Amino acid sequence: MKEKRLSQIELLRILSMVMIVAHHVIGCAATQLEGSTYFSYPAIYNNIYILDVGAMFGGIGNDLFILISGYFLASKEELNLINTTKKLFYQIGYSTVVLVIGSFIWYRITMAKEYSNVLLADASNFNSMYWFVGYYFLVLLIGKVVLNKFLNKIDRKQYLELLLILFTVISIGWIGDLLDGLTNGLRLLCTGVFLYSLGGYIKKYNPFNNIRWYVILIIWVCLGWFLYITSYNTRITQLETYVRNQSEETFVPERIFYGNYHIFVLISCILLFEMFRRMNIKTSTIVDFFGKSTFMVYLIHSNIGFNYIYSEKNWMELLYYRPFGFIVEISKYTLYTFLLGVFAYGVYCVIQRVLTKR
């Protein structure tokens, strides 16, 4: 029997994809820091804090997708990956066709006479455009082959020990560097196994049930302030070093990056998941449809064509003079991209219904 979708979790899935898209838009904007004259005077710019917050969005969104999958799938003795594989390749194939043809038409109509340095989508890297797809599928494959069976055999104490061991492995820098030294991406894969297992643990034992809502909000506020202080310390150190060395190079505020395994990202992921899991929302077909469309949104936006569109705007001028306007524009780009992905998914569903038997 097919498991009923929980609209509060689907809403969280939507938020996760919105954060991933916003992260990519903000990332393209942040690349303009180097070479920009707006932040070239050696000083502390509070507006840059917006970029620091956005730098966490991608990791939080990625982690939430794995955590949600573990919540629903880790307790299953057998995982059927056939349907998952079909979904992956059908939608990747469809999105590739849409992107290649769509970017060609868009260029011919709007930009053919401008000779801009435009980047169009192509099918030469059909199987290598989307790193998260491979990461996600490999975590599910580990779940099917060995992890699910193991998790369903151990008791709560052993389960908790496993989570603590995995958390230690991905959190300690030296161990993480060792893992990536063995093969690039191994630390990230261990992060996925941890989150997948944690999702199953939350579903099975509900360990955060006694934590009140206001405690979660307090943790959020404290985390935000700690993030601000961390960013300030990073930039004041850079500024002091720049002044002390009497550097003649152009000053460029340092960008801060947060990996999927960073403690800030993991805590934020767990807090968001727990907040949405506690919501009491009636089943909504609209929310469920948007939740189903998130994979297509990812496929549609994660390519060089959209990166080019995101990078064309003069983001640094906006961030310097109107930081609130910067947030509004980022939100607009994110919303338009998301809705375009939802529309593409709707067309995909229509085509699928026409071409296949029910």
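Just so it is clear, glycine is given a Cβ too, placed from its N, Cα and C backbone atoms.
Small disclaimer: the values here were computed from a predicted structure and weren't measured.
Residues annotated as domain 'Acyltransferase 3' in TrEMBL: 8-343. Model confidence over the domain 'Acyltransferase 3' (8-343) is summarised by a mean pLDDT of 89.
Annotated transmembrane segment per TrEMBL: 12-33 (among others), in sequence order. Tertiary neighbourhood of the transmembrane segment (12-33): same-chain residues 39, 50-51, 54-62, 64-65, 68, 252-253, 255, 272-273, 276-277, 287, 290-291, 294, 297-298, 301-302, 306-307, 310-311, 313-316, 319, 326, 330-331, 333-334, 337-338, selected by CB-CB distance under 8 Å and a gap of 6+ residues from either end.
Sequence annotations record features per position, and here TrEMBL assigns transmembrane segment to 53-74 (among others).
What TrEMBL records for 88-109 (among others) is transmembrane segment.
For the transmembrane segment (129-147), the list of distant contacts is 62, 65-66, 69-70, 73-74, 78-79, 81, 84-85, 88, 92, 96, 185, 188-189, 192-193, 196-197, 298-299, 302-303: same-chain residues at least six beyond its ends, Cβ to Cβ under 8 Å. Among the features that TrEMBL reports, transmembrane segment is placed at 129-147 (among others).
If you look up TrEMBL, you'll see 159-179 (among others) marked as transmembrane segment.
TrEMBL lists 185-202 (among others) with the feature transmembrane segment.
Sequence annotations record features per position, and here TrEMBL assigns transmembrane segment to 214-236 (among others). Among residues of the same chain six or more beyond the transmembrane segment (214-236), those with a C-beta under 8 A of the stretch's C-beta atoms are 44-45, 48-49, 52-53, 56, 253-254, 256, 264, 267-268, 271, 274-275.
When Cβ-Cβ distances below 8 Å are used as the criterion, the transmembrane segment (256-277) is approached by residues 8-9, 11-12, 15, 51-52, 55-56, 59-60, 62-64, 67-68, 71, 167, 170-171, 176, 187-188, 190-191, 195, 198, 202, 208, 211, 213, 216, 219-220, 223, 226-227, 230-231, 234 of the same chain, each at least six residues removed from its ends. Per TrEMBL, the feature transmembrane segment maps to 256-277 (among others).
If one looks beyond the transmembrane segment (289-310) by at least 6 residues along the same chain, the residues whose Cβ comes under 8 Å of a Cβ in the stretch are 5, 7, 9-11, 13-14, 16-17, 20-21, 24-25, 28-29, 87, 91-92, 95, 98-99, 103, 118-121, 129-130, 132, 333, 337-338, 340-342, 344-346, 348. What TrEMBL records for 289-310 (among others) is transmembrane segment.
When Cβ-Cβ distances below 8 Å are used as the criterion, the transmembrane segment (330-351) is approached by residues 17-18, 21-22, 25-26, 29, 54, 91, 94-95, 98, 290, 292-294, 296-301, 306, 310 of the same chain, each at least six residues removed from its ends. Taken from TrEMBL, the feature transmembrane segment applies to 330-351 (among others).
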